[in-house]
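A.B. asks: The structure's right below; bear with me while I get my questions together.
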Amino acid sequence: MERQLEAYCAHLRNERQVSEHTLLGYRRDLDKVIAYCKEHGIADWQALQIQQLRQLIARLHHHGQSSRSLARLLSAVRGLYRYLNREGLCQHDPATGLSAPKGERRLPKVLDTDRALQLLDGGVDDDFIARRDQAILELFYSSGLRLSELTNLDLDHLDLAAGLVQVLGKGGKARVLPVGRKAREALQAWYRLRGIGNPRDRAVFITRQGNRISPQAVRLRVKAAGERELGQHLHPHMLRHSFASHVLESSQDLRAVQELLGHADISTTQIYTHLDFQHLAAVYDSAHPRAKRSKGNDS
């Protein structure tokens, strides 16, 4: 089973061009399935049946795994079995018809517009790290990139004169996104210190040693910026969520936001309509003279 899993992971990495972060998530989930199979004497993928997979899901749910995590595990299992069936290594899919237990869908955390501007409009030292980090923050918020999309950017993916960036999203799907004026200015300032012709790596964002910056390093730099400028926890995906929420709030164009984010299914994008409603409700509560009743006037 491990050998076939290794072959599947190699397929995802080399042919599907899945990011290392996503690949590690798939591997962790499928390792749980292998551990369950070993525990129950299941020697190969063909022998795993729907009843056993359902039992594993129930056990993990009982031990506190979220519905979202279990849905991701089932998605990983389905992907593996699609590969095994296509390669003639298996003739069924035990995940067919299975779904994760329903859970409450949490709304993504976002910065409001004022907080986003507070983060980005602070003073920036004219040094290598500060200029790089500012360009990272501006590009996340300007274009709504995923972490893997940002760290995989090469110099020829950006056209600052045209204000465009080409990214490779999930499933190897390419899309072209606009880059705002402030982000272009931050990138130009970063390029002056980066030394375009010197470092070995063609990555847009590099370390002092000239190597492509890692996703973990970006997470730490974004976290540090959030603590320094806002006094709060901040992660790259919160900037992507903020980008989506603010564009939707201004444009009311859900399809456009779907395209910008690279979502295959618009239902994934629709969660931002709930955030927009929360904003509208807050505006209503603060602005409408009869939106709130004072205490003691409830009779």
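Cβ atoms are placed via backbone N, Cα and C, with glycine included.
In case it's useful when we look at the structure, here is the feature table from Swiss-Prot:
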| type | residues | note |
| --- | --- | --- |
| ACT_SITE | Arg146 | active site |
| ACT_SITE | Lys170 | active site |
| ACT_SITE | His237 | active site |
| ACT_SITE | Arg240 | active site |
| ACT_SITE | His263 | active site |
| ACT_SITE | Tyr272 | active site, O-(3'-phospho-DNA)-tyrosine intermediate |
| DOMAIN | 1-85 | domain 'Core-binding (CB)' |
| DOMAIN | 106-285 | domain 'Tyr recombinase' |
A.B. asks: For the domain 'Core-binding (CB)' (1-85), give the DSSP counts of helix residues, strand residues and coil residues.
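C.D. replies: Breakdown, helix to coil: 68 helix, 0 strand, 17 coil.
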A.B. asks: Which of the active-site residues Arg146, His263, Tyr272 has its Cα nearest to the Cα of Arg240 (active site)?
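C.D. replies: Nearest by Cα distance to Arg240 (active site): Arg146.
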A.B. asks: Can you tell me whether DSSP puts His237 (active site) in helix, strand or coil?
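C.D. replies: Looking at the DSSP assignment, His237 (active site) belongs to a helix.
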A.B. asks: Quick one, of the active-site residues Arg146, Lys170, Arg240, which Cβ has the fewest other Cβ within 10 Å?
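C.D. replies: Looking at the active-site residues Arg146, Lys170, Arg240, the Cβ with the fewest others within 10 Å is that of Lys170.
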A.B. asks: Which active-site residues (Lys170, His263, Tyr272) fall within 10 Å of His237 (active site) by Cα distance?
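C.D. replies: Checking each Cα against His237 (active site), there are no hits.
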A.B. asks: What Cα-Cα separation, expressed in whole Å, is found between His263 (active site) and Tyr272 (active site, O-(3'-phospho-DNA)-tyrosine intermediate)?
C.D. replies: 12
A.B. asks: By a 10 A CB contact count over all chains shown, which of the active-site residues listed here is most packed: His237, His263, Tyr272?
C.D. replies: Tyr272
A.B. asks: What is the separation, in Å, between the Cα atoms of Lys170 (active site) and Arg146 (active site)?
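C.D. replies: Pair distance, Cα basis, whole Å: 9 Å.
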A.B. asks: Sort Tyr272 (active site, O-(3'-phospho-DNA)-tyrosine intermediate) into helix, strand or coil using the DSSP assignment.
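C.D. replies: Looking at the DSSP assignment, Tyr272 (active site, O-(3'-phospho-DNA)-tyrosine intermediate) belongs to a helix.
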A.B. asks: On the three-state reduction of DSSP, what should I expect for Arg146 (active site)?
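C.D. replies: It is coil.
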